[in-house]
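Worksheet: one structure, shown below.
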Amino acid sequence: MAVGVVAGVESQERRGGGGAGTGRITAFVVLSCVTAGMGGVIFGYDIGIAGGVSSMEPFLRKFFPEVHRRMEGDVRVSNYCKFDSQLLTAFTSSLYVAGLLTTFAASRVTAGRGRRPSMLLGGAAFLAGAAVGGASVDIYMVILGRVLLGVGLGFANQAVPLYLSEMAPSRWRGAFSNGFQLCVGVGALAANVINYGTEKIRDGWGWRVSLALAAVPAGLLTLGALFLPETPNSLIQQGKVDRRDVEQLLKKIRGADDVADELDTIVAANSATAGVGGGGLRMLLTQRRYRPQLAMAVMIPFFQQVTGINAIAFYAPVLLRTIGMGESASLLSAVVTGVVGVGATLLSMAAVDRFGRRTLFLAGGAQMLASQVLIGGIMAAKLGDDGGVSKGWAAALILLIAAYVAGFGWSWGPLGWLVPSEIFPLEVRSAGQSVTVAVSFVFTVFVAQAFLAMLCRMRAGIFFFFAAWLAAMTAFVYLLLPETKGVPIEEVAGVWRGHWFWSRVVGGDDDEARNNGGKL
């Protein structure tokens, strides 16, 4: 039996998905999605900037003097433990704790008020966080700035992936949704380039520039969101706009006059909630027909974090300094891996709607697994508690880190956001996204807070720890993730009924019909 075969998908694609696949890529939808993508730029910028400033000596000397003394050799400590500081990791993880606490409030705003207001609130919080971070005079202000950025992430990560999925024509939904991860990569690359430049500023205040420049994409998101249209799906869900007005907006988005079938599909999906009591989150958690989507909303972001990517993203300059590289060289190497990540995500955007989600997941997982094993092997063999590694082995490690980042950039990076954003029916879509974001934040906090301590205690074994998870998640995708390529977003729920395993969980068409009040 083939694993993950989707019954009925081919016929859906031949039908054109109820009109959803007939639209073209218009300048209107491109500009809307680019503006919304600023939320992803800020996400990536925050990830990249934290690791960079954490390796800058003036920043460490001012806020983390104990870590700075270890780097200067005033305290004898293992290479693997020089950056082991819970206060330093709290600087990184405080952003994600705040994002986690904000997520469910953001879900209510996104469902009840729309995707656009959530992006506005997120942009405003980002602006405040950038201002506080750049003006910090003590550790409390630094962490407050990170907390405000986290509030912004809670709103932006809730709204932006949904916005991209709902605005894109179904045949290009993968490419548009992967644009979120591209924006994350661009933001991280920009952070690495800025860190490399600001590290050279005399008098040691370059870190202030790095933290404050988060205001640039934040301002673009906030200003752009004032002019963005709401998605047709959200307008129908809110029920505050006449159908004819939604139809006119949909024609403008799709660049086509024949949008009746797509609009009917959206309206029908929204009507499915009429006979079901309770809020979206309660429905998602209690009703059997949503079990496959709930499993993916939990497992995909969990696996995305235990790939180890955020350990690399947060602490790449720190890790490179651990193996003996200088401050400037480590920041430059982070720029190189950032370029690789952006290039890989562009490749994913071109390939995802041609080859499908499962193919990229499986190939990328295998590439990342091999890279982690080789990184761990070199670290175990060549890096002891003292000294560094030779230039040749350092170059090999940088190449392997780049290969690892590339594998993530065209698989688990973009697909970790794409798949959860496209698999939920409209009635539980915002709730499902909130679960995805919350799980992502929980394990982002865990990895950010635990990585330096784990590196100190496990030494090179930490890379084998992440490799084991990569093997597990690749098997999970092979066995349990159906293909959603080319399926209109309001019809994706049907893929589970054709899957060898999930069909037993959700029941057959008769059960689904009863759950929908007799409508399939």
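Here the Cβ of each residue, glycine as well, is placed from N, Cα and C on the backbone.
Copied from TrEMBL, the annotated features are:
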type     : residues : note
TRANSMEM : 25-45    : transmembrane segment
DOMAIN   : 32-485   : domain 'Major facilitator superfamily (MFS) profile'
TRANSMEM : 87-106   : transmembrane segment
TRANSMEM : 118-137  : transmembrane segment
TRANSMEM : 176-197  : transmembrane segment
TRANSMEM : 209-228  : transmembrane segment
TRANSMEM : 294-316  : transmembrane segment
TRANSMEM : 328-352  : transmembrane segment
TRANSMEM : 359-381  : transmembrane segment
TRANSMEM : 393-413  : transmembrane segment
TRANSMEM : 434-455  : transmembrane segment
TRANSMEM : 461-481  : transmembrane segment
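Taking residue pairs at least 6 apart in sequence, the transmembrane segment (393-413) and the transmembrane segment (25-45) share fewer than three C-beta contacts under 8 angstroms. Proximity of distant same-chain residues to the transmembrane segment (328-352), defined by a Cβ-Cβ separation under 8 Å and at least 6 residues beyond the stretch ends, is recorded for 48, 51-52, 55, 174-175, 178-179, 181-182, 185-186, 188-189, 191-193, 195-196, 199-200, 312, 316-318, 320-321, 360, 398, 401-402, 405-411, 413-415, 418, 485.
Using a Cβ-Cβ cut-off under 8 Å and counting only residues 6 or more beyond its ends in the same chain, the transmembrane segment (209-228) has close neighbours at 32, 35-36, 38-39, 41-42, 45-46, 49, 52-53, 116, 119-120, 122-124, 126-127, 129-131, 133-136, 145, 149, 152, 156, 187, 191, 194-195, 198, 201. Averaged over the domain 'Major facilitator superfamily (MFS) profile' (32-485), the predicted model reaches a pLDDT of 86. Sequence-distant contacts of the transmembrane segment (434-455) (same chain, at least 6 residues past either end, Cβ-Cβ under 8 Å): 80-81, 83-86, 88-90, 92-93, 96-97, 99-100, 103-104, 106-107, 110, 153-154, 157-158, 281, 284, 294, 297-298, 300-302, 304-306, 308, 310-311, 314-315, 318-319, 322, 416, 420-421, 462, 465. Within its own chain, the transmembrane segment (359-381) is flanked in space by residues 307-308, 323, 348, 351-352, 389, 393, 396-397, 400-401, 403-404, 406-408, 410-412, 415, 459-464, 466-467, 470-471, 473-474, 477-478, 481, which lie at least six positions past its ends and keep a Cβ under 8 Å from the stretch. Stretch with the most C-beta contacts under 8 angstroms to the transmembrane segment (176-197), considering only 118-137, 393-413, 461-481: 393-413. Counting only same-chain residues 6+ beyond the ends of the transmembrane segment (393-413), those with a CB under 8 A from a CB of the stretch are 181, 184-185, 303-304, 307, 309, 312, 316, 320, 323-325, 333, 336-338, 340-345, 347-348, 351, 360-361, 363-368, 370-372, 374-375, 378-379, 382, 473.
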